[in-house]
């Protein structure tokens, strides 16, 4: 098995006296896609900051492969409407990038036609592809994608997930993908990690649903997607603490708990 690109061991973070992350164990290897899901306040943004080296944990370790090249795709980009910034000028903010390199990256994500467009004038789907192209310009060994389908319609989401899979296959980079409440998860995702300040559960996503309506909606892309049904045998209160009186209306489901879980 390939050596991990990044490995988090017993990572804990406290902000303003409140525990945000507790005993997090996580690793991403070359060619592996890890999808991180969880509700608002689960600590996903904090975890991404720790992975990127922007935040030092209060305890635990974040190990990175020496000289690891990371490409980061933010959830969204706010650009002042009065700022004269074209897609090309935006991409050239990455050191060493010229028009040829920018054009090549845009072609790789299927957005070459917008190279001279004002950044403020492109669609949500085009913006996500431009942000992905920018991440690729760093020739990353690890791609960190923060809600890459933000602001994209359902059909566009399928296309973007398919694109991310192809990029992983082509570059053999590791991918850490973050979602707020992801129902559509790629069938090629190697691991799904459910976070709510600690790792609630982790494992492989379920196989693609054969529901005719689902197949009809996604067409040829349907087979590259799966529906991940997110179930717990425990519940959290409003502060993220585990409570034992989880609803029992749904049948039990088997899943793997993280090492940090203090419940069965």
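Placement of Cβ uses the backbone N, Cα and C atoms for every residue, glycine included.
So that you can see what the record holds, here are the features copied from Swiss-Prot:
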BINDING   38, 39, 40, 41, 42, 43, 44, 45  ATP binding site
DOMAIN    6-221  domain 'ABC transporter'
REGION    244-264  region 'Disordered'
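All features noted in Swiss-Prot, drawn onto the structure.
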residue	record	Cβ neighbours (10 Å)
38	ATP binding site	23
39	ATP binding site	14
40	ATP binding site	8
41	ATP binding site	14
42	ATP binding site	23
43	ATP binding site	23
44	ATP binding site	23
45	ATP binding site	15
